[in-house]
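Right, one structure below, let's go through it.
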Amino acid sequence: MRLHQSPPRLLVCILSVLQVSAGLSSNCRCMPGDSCWPSLNDWARFNTSIGGRLVDTQPLGQPCHDPFYTASECNELKQQWTHPELHDASSSSIMSAAVANETCDAFTPRSKPCTLGAMVRYAVNASSPDDFVQTIRFSQERNIRLVIRNTGHDYAGKSTGAGALSIWTHSLKEIDFLNYTSAHYTGPAVRMTAGIQGTDINPAAHKKGLVIVGGECATVGPVGGFTQGGGHSALSSRFGLAADQVLEWEVVDGMGRLLTASPTQNPDLYWALSGGGGGTFGVVYAVTVKTFPDFAVTGVVLQFENIDPSSNRFFEAVGHYHRHLPTYTSAGGMAIAQITNSSFLLTPLTLPAYTAAATKKLLGPFLQDLHQLNISYTLNVTESASYFQHYMKLIEPNPTQLVQNAQYGGRLLPLDLIERNNSQLTDAVQKLTADGVTFVGIGLNVSSSVTGDIWNSVLPGWRTAAMTVILTTSWPLGANLTKMKILADKMTTKWVPILTALSPESGCYMSEADPQQPDWKQTFYGRNYDSLYAIKTKYDPLQTFYATTAVGSEDWQVEAGGRLCQATRKN
């Protein structure tokens, strides 16, 4: 499939970009209140040019603050605040408490002024690629920061920015199942536009007797940063990462060109978008990915407690779990284990094409280890006739589906670590959890033995990983911001380095990481970075697209008040 744009529109856009390049000489993007900021009449004319699709940001938490306070609305907001559906239906709301910075929080005092802070100033509720083109052009002509957003599932603040104009893709809801034919793949596929979420595609695929490699969180959008950043799934040990399934992209680049990117058309852009991160190479309108026939699935939930902290039996059991984990992932399983200093919760272990009997046999050696340690546990093994049924039973109800305010860090841990130095991993888990950190280990196998010969820009450390780890510490609603920032700094300087010492070369999944990661280029992109930067320069020569820790972001810096300025070059 190849999309075409009329030559007159394309020519006008390219000429416009060339003409405005001189207008981008300012070292900083324009902000509200600047003399270069568009007037209300300018915004009105732009709104007319895009069919009235401009959204003026009204902060979601506004009803909880004077002079807009409404008790009933505020109470309802507080009840719904941790539900992602509340935020992903907004063009501007920020799920991450660290990024939102209490600028308009439903849980801060009513008397505290409600400001936009890091929220975008305006958004374009896009309905077509032409809306992308028009918005890119306007942002370039007016030297305005531009960001891309679907749902706002974003720990690092990539999809928002103070004084920014957002391309909001949330209304683009098309799903087309097709038989795809190319030199590289022939078989079932699905084309999804940029606003699709798991809540849309999962039931649609199920009705067709198919599955896709999508996220564990149902409200995440598979077309944006999820797949563009790699994207792990409960089906990853069976099929690979989400980025491994991409057949082609439809994308508007920084020159306003609507392009198809596949292994044969603009292959460098295809390679970059498939794992090199979102928000920086262009605005994706649609993606076409592989689909697979559905199958029966068995799910496991296993829990035990640290009832005797004076002994080391609990962490011995954790060590045994990690020792057995490669057996589960080699069988096509994907495991999510949450470990604190008081409890271990596996919820769930997903085993495609396994029966309950086969699953219990697979778990047998680990359960025997627990018996020998005299550790009591609860175990539930659930068979489902389809992956969708399994998802709705064991994954969708999981508390991790809620907005999780926390300090985040992460690391990919290689299989070699478990096989050779599992005791060091156990010591690290014990040290981290003793400090109040939750260790979430997502066990999977996306090596070449699973994916085959894949060509994309996924961080190489994924291919040798036994698990991707997320570290979190609690961020209660209404918590003291200063105290939370202290914990965030500890994540950067103390807790993440514990895992880095275990696997200094592996890197980290960019979408579940410390936003303050010091060596982010190496950690998130590895040896791919220089090639990704060259592709960024080719398709976005004016550096229209910026996102925190995205490729090319080192050329910019966020200054006081959120102003985005060109970074000072070091000699």
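Even glycines carry a Cβ here, placed using N, Cα and C.
The annotation domain 'FAD-binding PCMH-type' is assigned in Swiss-Prot to 115-294.
The Cβ of Asn47 (N-linked glycosylation site) has Arg53, Leu54 as same-chain neighbours under 8 Å, each 6 or more residues away in sequence. According to Swiss-Prot, the feature N-linked glycosylation site maps to Asn47 (among others), an assignment based on sequence analysis.
For Asn101 (N-linked glycosylation site), other Cβ atoms within 10 Å of its Cβ number 17. In the three-state DSSP scheme, Asn101 (N-linked glycosylation site) falls into the coil class. Per Swiss-Prot, N-linked glycosylation site is recorded for Asn101 (among others), and the stated evidence type is sequence analysis.
Counting only same-chain residues six or more apart in sequence, the Cβ atoms lying under 8 angstroms from the Cβ of Asn125 (N-linked glycosylation site) belong to Arg53, Leu54, Val55, Ser91, Trp168, His170, Ser171. According to Swiss-Prot, the N-linked glycosylation site annotation covers Asn125 (among others), on the basis of sequence analysis.
Sequence-distant contacts of Asn179 (N-linked glycosylation site), defined as residues of its own chain at least six apart whose C-beta falls under 8 angstroms from its C-beta, comprise Thr186, Gly187, Pro188, Ala189. Swiss-Prot lists Asn179 (among others) with the feature N-linked glycosylation site, giving sequence analysis as the kind of evidence.
A coil conformation is recorded for Asn341 (N-linked glycosylation site) in the three-state DSSP classification, outside any helix or strand. What Swiss-Prot lists as N-linked glycosylation site is Asn341 (among others), and the listing cites sequence analysis.
With a cut-off of 8 Å between CB atoms and residues at least 6 apart in sequence, the same chain places Arg313 near Asn374 (N-linked glycosylation site), listed in sequence order. Annotation source Swiss-Prot lists N-linked glycosylation site at Asn374 (among others).
Per Swiss-Prot, the feature N-linked glycosylation site maps to Asn380 (among others); the stated evidence is sequence analysis. Around Asn380 (N-linked glycosylation site), the C-beta neighbours below 8 angstroms that are at least 6 residues distant in the chain are Val300, Val301, Leu302.
Annotation comment: Swiss-Prot describes Asn421 (among others) as N-linked glycosylation site, evidence class sequence analysis. Taking Cβ-Cβ distances under 8 Å and a sequence separation of 6 or more, the neighbours of Asn421 (N-linked glycosylation site) in its chain are Leu502. According to DSSP, Asn421 (N-linked glycosylation site) sits within a helical segment.
As annotated by Swiss-Prot, N-linked glycosylation site applies to Asn445 (among others), with the evidence given as sequence analysis. All chains included, 26 other C-beta atoms sit within 10 angstroms of the C-beta of Asn445 (N-linked glycosylation site).
Under a cutoff of 8 A between CB atoms, and with a sequence separation of 6+ in the same chain, Asn480 (N-linked glycosylation site) has no neighbours. As annotated by Swiss-Prot, N-linked glycosylation site applies to Asn480 (among others), with the evidence given as sequence analysis.
The annotation signal peptide is assigned in Swiss-Prot to 1-23.
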Chain-internal residues, separated by at least six, CB under 8 A from Asn341 (N-linked glycosylation site): Asn306, Pro309, Gln430, Thr433, Ala434, Gly436
Three-state secondary structure, which DSSP defines for Asn445 (N-linked glycosylation site): coil
Alpha-carbon spacing, Asn445 (N-linked glycosylation site) to Asn101 (N-linked glycosylation site), which is rounded to whole Å: 37
